[in-house]
Amino acid sequence: MKQWEENFRKVVPYVPGEQPNQPGMIKLNTNENPYPPSPNVKKAMDEFDMDKLRLYPDISSTILVEALGETYGLNKDQIFVGVGSDDVLATAFLTFFNGTEPILFPDISYSFYEVWAQLYHIPYVTPSLMEDFTIKREDYYRKNGGIVIANPNAPTSLSLGIDAIKDILEHNKESVVIIDEAYVDFGGESSLPLLKDYENLLIVQTFSKSYSMAGIRIGYAFGAPSLIKAMNDVKYSYNSYTMNQPSLYYGTEAVKDTKYHKETLEKIMKTRTWVAESLKNLGFKVIPSSANFLFVSHEEVPAEKIYEELRAKKIYIRHFKKPRIDNYLRITIGTDREMEVFLAAITEAI
Ligand SMILES: *Cc1c(COP(=O)(O)O)cnc(C)c1O
């Protein structure tokens, strides 16, 4: 090893689901939304004034923050925006988790949490989910440097009620509790009503799933003004201009169109219901989902075999080679048509 290499920051990077680009593929592997963003986003694109690109964007992302505030009933000083919720979460880890006590998150959850903990040298402990993949809340009633819970959880799709989150907050008045609500719009229960009572609660959401805009890279967090200010101070200390000019306008239009948002969610939840039923009839165990994906395991046929067979037909789903979940498959909910083709293929595979 070269002398300078010893000084490199060593980290095992997060591995996202593959992003194939095959003609005729059905892509159900990274929980993208199968429907387009609000038509108002298209309109904003057509009308976007190129001259705006000449200038640096508004450092406070005011129009976007105001639109989020309007839709979610919050003040500007309770909202942080970033380049995807990955950026928001990474900033939150960097900002809040500088203690010596370990932070806590479940052993089976969004695998980026562990990567950020390693990147920033944050000590962490990962309490095991129960056999049925539910979170045992008592595991979070111990001394800690912070808590991160995805609700609904990924890749399990299970959600916790607001009472459980409240309980966890009641037992953790001394540390920041982050609730990652990337999937909450698909049938979970948001912790938003708890914000007024808990100054240490940070709720993180994203445009990537329910707003059909994974490609735009916008995420946001809701929290007490003191938390939001601390995050902005950190953000402005390494890169002030993260949110680009077009994203500000397109994101604003998306979040204002609450009617379209709701219609899209309802379509996906309806599709999820019949796909879950069909998979059960094929002998799959289907975890009750509050997300835009299903987490399933077949009683007889190994998950990896099914994954490979679908892949050969250019139908992409997700398989994790990880202990406890390596016989499960995560399947994003696509359009009805896509799910019909998927079901025909998976029927053949088993
Ligand atoms: C998809 C996802 C995110 C990040 O999404 P962005 O595209 O970066 O906004 C964060 N947390 C969970 C649990 C996710 O599934």
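Each residue's number is its place along the chain shown, starting with 1.
Glycine too: its Cβ is placed from the backbone N, Cα and C atoms.
These come from TrEMBL:
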| type | residues | note |
| --- | --- | --- |
| DOMAIN | 24-346 | domain 'Aminotransferase class I/classII large' |
| MOD_RES | LYS209 | N6-(pyridoxal phosphate)lysine |
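For LYS209 (N6-(pyridoxal phosphate)lysine), the Cβ neighbour count at a 10 Å cut-off comes to 25, with all displayed protein chains included.
Within the model, the domain 'Aminotransferase class I/classII large' (24-346) shows a mean pLDDT value of 97, rounded to a whole number.
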